[in-house]
Amino acid sequence: MITTEIKRVKNHINGEWVESTGTEVEAVPNPATGKIIAYVPLSPKEDVEKAVEAAKAAFETWSKVPVPNRSRNLYKYLQLLQENKDELAKIITLENGKTLTDATGEVQRGIEAVELATSTPNLMMGQALPNIASGIDGSIWRYPIGVVAGITPFNFPMMIPLWMFPLAIACGNTFVLKTSERTPLLAERLVELFYEAGFPKGVLNLVQGGKDVVNSILENKDIQAVSFVGSEPVARYVYETGTKHGKRVQALAGAKNHAIVMPDCNLEKTVQGVIGSAFASSGERCMACSVVAVVDEIADEFIDVLVAETKKLKVGDGFNEDNYVGPLIRESHKERVLGYINSGVADGATLLVDGRKINEEVGEGYFVGATIFDGVNQEMKIWQDEIFAPVLSIVRVKDLEEGIKLTNQSKFANGAVIYTSNGKHAQTFRDNIDAGMIGVNVNVPAPMAFFAFAGNKASFFGDLSTNGTDGVQFYTRKKVVTERWF
């Protein structure tokens, strides 16, 4: 339930809401107004240790619960999420800032991840081959690995946690969740509904906080695996630190997603697709389109239509259904983004749509409007870096080959899209682009939860990705059994 009271956020350990043992707190503002809506604890190491102890104790019994029974609990959780999806979307808009339309879409994608987790009995099945030698059978069995942890970002406070703990718990593990201190309220509600579904205490534990919680998770000897989603520098740190302490780690990192626009594209649908990918959720998503490589033959026409349509977008509070671009998450991030826009101008790019100039009526929130640069090249910071904002760079290329070459020069390789009506162009793009997730006339090629989600190069650190069969393999260990009976 959303109230006007300033909330003091708690941890959830061993089935109970508890105050952090630390004294440090951080204010949580509504990004659309700047007004404080909550205070979140910056929990110390001791809180993480208590959560791990609770999860470790719960694992002894939870791991022995029959797999179908674990799924039945998740079906109850799924039902509760569906019944409360309007409230969940409003909490996301309140603390994250994205429009209610975007938040509602996120809720649905989170629910889809839980739907995947309910199918765990099928996904966990092993393999068997009889008579591999005379009288000898071979088989592979999958078992839970123990206490696992998830560290999640602010930009998808529902979807990304639901990628992690439902699947891990369905596999028989217990979980310690550390969500972003910038969006703690949705995490609280997810945990409340989880225990309403009837799960035993200690199966899921929530520890709020910042870097101290992250380090405590990475160094704790009883945590067997860590799932992470966030920026590239932090993902690299999480992967290196976690593996150094003997853990499995999957760390999904940053992006600089390119879209190649071919002369044979459907112009109207391509423009709307690029706008949706670049500017929805205020560009604060790792699958946002941040660079368009447009072929010279169609460049002027495409850019004219894109600019005209982008200038129609309204900026403001996400609860106003007329607004398309909500606020950025914090004032500090807004200042960082403005710095990138200024650097693009200083480096000689042409600013076609200036997101610094927005209507004063939007108020005191952390707003930057949709921004478009033309004449961008690979030497500019606005091409190189993940800005994580509604800032789109346009690079003109002579043909598909040059567009692919440009895209592959980025240090990131998360997602990439081509807009074309030519099957050969699509095939060439698919086979030669370096990206983990590829779209052909699909604006945001984020796969459904039953497929793996991960990029390449500096967009992903690890071996097994999140979601799908990769997720099940990450959260389980296999035993290969060779047996003979006399």
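Just so you know, glycine gets a Cβ as well, placed from its N, Cα and C.
Annotation for Glu181 (NAD(+) binding site): spatial neighbours Glu26, Val28, Val40, Leu42, Gln208, Gly209, Gly210, criterion Cβ-Cβ under 8 Å with sequence separation of six or more. Summarising the annotation, Swiss-Prot assigns NAD(+) binding site to Phe154, Lys178, Glu181, Arg182, Ser231, Glu386.
Here Swiss-Prot flags Cys286 as active site, nucleophile, drawing on sequence analysis. According to its DSSP assignment, Cys286 (active site, nucleophile) is coil.
Not a single one of the binding-site residues Phe154, Lys178, Arg182 has a C-alpha within 10 angstroms of the C-alpha of Cys286 (active site, nucleophile). Across the annotated binding residues for NAD(+) (Phe154, Lys178, Glu181, Arg182, Ser231, Glu386), the two most widely spaced Cα atoms sit 23 Å apart. When the binding-site residues Lys178, Arg182 are compared by the number of other C-beta atoms lying within 10 angstroms of their own C-beta, Arg182 comes out lowest.
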